[in-house]
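**Q** First, the structure itself, so that you have it in front of you.
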Amino acid sequence: MSTNEKVNDIKPPLWVLLELTHKCPLECTYCYNQLDFANTKDEMIKEDWFRVMEEVRELGAVQLGISGGEPLLNKDIVEIVAKASELGFYTNLITSGVGAPEGIIGKLKDAGLKTVQLGIQSHDKDTMTLVTNHKGAYEQKLKIAKEIKDAGLQLIVNTCITRQNIHQVGEIIEFADETLDADYLEIANIQYYGWALQNVNALLPNKEQLTKAKEVTDKYRSKKKDMKAFFVVPDYFADRPKACMNGLGTTFLTINPDGMALPCNTANTMPIQWPNVKNSSIKEIWFDSEQFNHFRGDSWMSEPCRTCDERDKDFGGCRCQAYALTGDMHATDPVCSKSPDHGVIEKKIADSVKFANQDLVYRNKKNSLAFINKTF
Ligand code: SF4
Ligand code: FES
């Protein structure tokens, strides 16, 4: 079936992400969020979130991610999770673990939370401080990891890999398994959008480093330990793009703290005025809005995607990345070797070697802790 036929067969969203606030105590150098991310206002009140959950549940969604910014900074989070459980959602909290109110994990467990995904940047305190620009992050993350396990919740550790920590992959695996007792470890090679794109020269590992890190992960996996470890290869080193979001408007729905509905959590970096749940129902937004229909099917595609026999596999790649790197949201994702803009990726890789000493830039440059001098 071609993607144009699929446009007439719109399925409801399967995976819904509520971004409860964009406030975040950390300034991770690899953050994929847009540069003015922290300026989004918290305009959704508890009752708005309840209505959104009722509407998406009615459409058939069952997976609910609760994220941010740092979602634990939303004072209504326990009631929101309780409502999600009452509606029958499987809830996953995505957190940095920093700035968490005392005792919150136990309350969330009682409210019905099932899984916590915790970002851990390193087993080493100095590296974590360097990456997050936050001196107390290490202790707070360790404390909350223990609370998650003590509460009997599933713990997924997510480690974003950059040049600052790629040499530590073996130690990070050991730390996640033995110290944190994680159920899963995702070693995620980051996507270069937002702050990550600003910092790309200082962050992008080289191919040899990636090969070695993958070998270390595979070696651990071959031992059949309790913790499951996954390694996600960065698309800059592939010759085909990822099928990002499984195609926009097919599977994922994100709601921002100001009520904006998005088919991908960074889709607001593109020049589209996305609809808002305060003005329209989820049903209208998902099925009928011009914006959510824009990238369905293949009529929006430019060449070479439009006539490519692989377009049903990757949908032309990532729209946010195509826009960030070419200024054209309809362009072929430059990761693809068939893209006329593929040279942009090759240049990024070459520049990351040439300008490898570029300083890390944080959201709040004045508070930079980059003086923690490490050689990578
Ligand atoms: Fe995918 Fe487009 Fe590349 Fe074809 S040209 S493989 S559809 S990104
Ligand atoms: Fe937005 Fe890929 S991250 S479409």
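Positions of Cβ are set from backbone N, Cα and C atoms, glycine also.
From TrEMBL, for reference:
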| type | residues | note |
| --- | --- | --- |
| BINDING | C24, C28, C31 | [4Fe-4S] cluster binding site |
**Q** Taking the Cβ of C28 ([4Fe-4S] cluster binding site) as the centre, count every other Cβ atom within 10 Å, in any protein chain shown.
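**A** There are 24 such Cβ atoms around C28 ([4Fe-4S] cluster binding site).
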**Q** Around the C-beta of C24 ([4Fe-4S] cluster binding site), how many further C-beta atoms are within 10 angstroms, looking at every protein chain?
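**A** Step by step: centre on the Cβ of C24 ([4Fe-4S] cluster binding site), count other Cβ atoms within 10 Å, giving 22.
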